[in-house]
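Residues or ranges marked as domain 'Aminoacyl-transfer RNA synthetases class-II family profile' by TrEMBL: 62-417. TrEMBL lists Asp131, Leu132, Thr133, Arg158, Gln174, Asp178, Arg327, Tyr331, Tyr332 with the feature L-histidine binding site.
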Amino acid sequence: MPQLGLLPRRAGVALLSQFLRPSCTFSPGAVHCHSQVAEAVLTSQLKPHQEKPNFIIKTPKGTRDLSPEQMVVREKILDLVISCFKRHGAKGLDTPAFELKEMLTEKYGEDSGLIYDLKDQGGELLSLRYDLTVPFARYLAMNKMKKMKRYHIGKVWRRESPTMAQGRYREFCQCDFDIAGQFDPMIPDAECLKIVCEILSGLQLGDFLIKVNDRRIVDGVFAVCGVPESKFRAIGSSIDKLDKMSWKDVRHEMVAKKGLAPVVADQIGDYVQCHGGVSLVEQMFQDPRLSKNKQALEGLEDLKLLFEYLTLFGISEKISFDLSLARGLDYYTGVIYEAILLQTPAQAEEDPLSIGSVAAGGRYDRLVGMFDPKGQSVPCVGLSIGVERIFSIVEQRMKTLGEKVRTTETQVFVATPQKNFLHERLKLITELWDAGIKAEMLYKNNPKLLTQLHYCENMGIPLVVIIGEQELKEGVIKLRSVASRKEVAIKRENFVAEVQKHLCES
């Protein structure tokens, strides 16, 4: 007899019934009895496959759930970010969570190994999106669009080692703003930096600095120092780690792991340890080696113009020309930038959390052309806000200060002190909902008044409307302030208007 545990449930029952069928002709009871036997055998066969004694309920590595309290904080951050994007005229856009694998390959340099590939599901090789920039470029090329100012809030996935205490995850949210189109130099770039300043100032995270460089200057430095062009991106990726590693360690990586000559590495070190304001831009114009490199001069000219616009925007003091900034992604072609939070020594002692950059971006003029059949490019510049890292900072500070968060926005609670008033409560809450007022009630026929009032206090609901026998008889409703515990009687027919009035005053 075949093993029933290896068969689908219905097939197992049918097969078992064939072996039992001759005895089923004696009585209806026998059929019922044998049906129970079949069920019992199937249950015993299936049970071992259903039990998982070593099964641990957890989220995958590098991911997390967000509690209602955390969602409130997160939504406030996102609301501020989106509000700023809209203030600057951006349109919303969304793209699929996964793309054709060929759309993502050869766009991220060394980071391409961090892309999540999906199992073949019917002829298409797919990957989860690594960022929101490449899908945006694909969207522009696919729809033959030459101009667009857009924002996009969405999740991305990276197969890297997560450091969750520092806001680094394998699944995380990105908030992007990009300007696509042919415009006069540095005007859109300056606006992107203004947006970063507005958002970081609005979130009140403390003092911050935005490092700025240009990919052409980076490549110019590599060229005049003697780096082979084939190693530009690999060496750039090492330089980009200077915010996490010492120059000694970065130099060792370039020489020992990437085969760069020590003398070349030392020459790069003379440049990448320089940072300052517009005066450093002027100084680089006079550099005997860099001033002879055409690419570097183009980058310096644009940075000089950029600082002029940033001064007019009133944010130049927040910007630092930093030659160590390289931005490892392959698609950047011009200005690049990265925002970091500055900590005083006292803050660093109290809160040793090392977060890294909280916003970054740059110019990528050739990415759209990589998708276009004719290779036609659309110049683009954009920024990305590091929501997860910002959220980690805000969450940590709230814990330190002991701040509590309301998880709902309920304004009014409908209560009763007596039994058999469910119908009246349903009528009242319907009127409140229809008037656009956020209201709740307990899902019980006869809840105790004390239970209802405790619920309001625990949830931070400011107002309670109370209906009982006395109120029904007098044609009134009691309106109670949860904070002061004061009660006033209001006319039943005007109760919604009175509630709205009290909500406006509070």
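Positions of Cβ are set from backbone N, Cα and C atoms, glycine also.
Annotations in TrEMBL come from automatic prediction, not curation.
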Please find, for Asp131, Leu132, Thr133, Arg158, Gln174, Asp178, Arg327, Tyr331, Tyr332 as listed binding L-histidine, the greatest distance between any two Cα atoms, in Å.
-> 21
Long-range Cβ list for Gln174 (L-histidine binding site), cut-off under 8 Å, min separation 6+ in sequence, same chain only, gives Asp131, Leu132, His152, Ile153, Gly154, Lys155, Val156, Ser384, Ile385, Val387
Over the domain 'Aminoacyl-transfer RNA synthetases class-II family profile' (62-417), work out the mean pLDDT and round it to an integer.
-> 91
How many neighbouring Cβ atoms, not counting its own, are there within 10 Å of the Cβ of Tyr332 (L-histidine binding site)?
-> 26
Please work out the number of neighbouring Cβ atoms within 10 Å of the Cβ of Arg327 (L-histidine binding site), leaving out its own Cβ.
-> 22
Which number gives the other C-beta atoms within 10 angstroms of the C-beta of Thr133 (L-histidine binding site), all protein chains shown included?
-> 26
Using a 10 Å radius on the Cβ of Asp131 (L-histidine binding site), the other Cβ atoms enclosed count 20
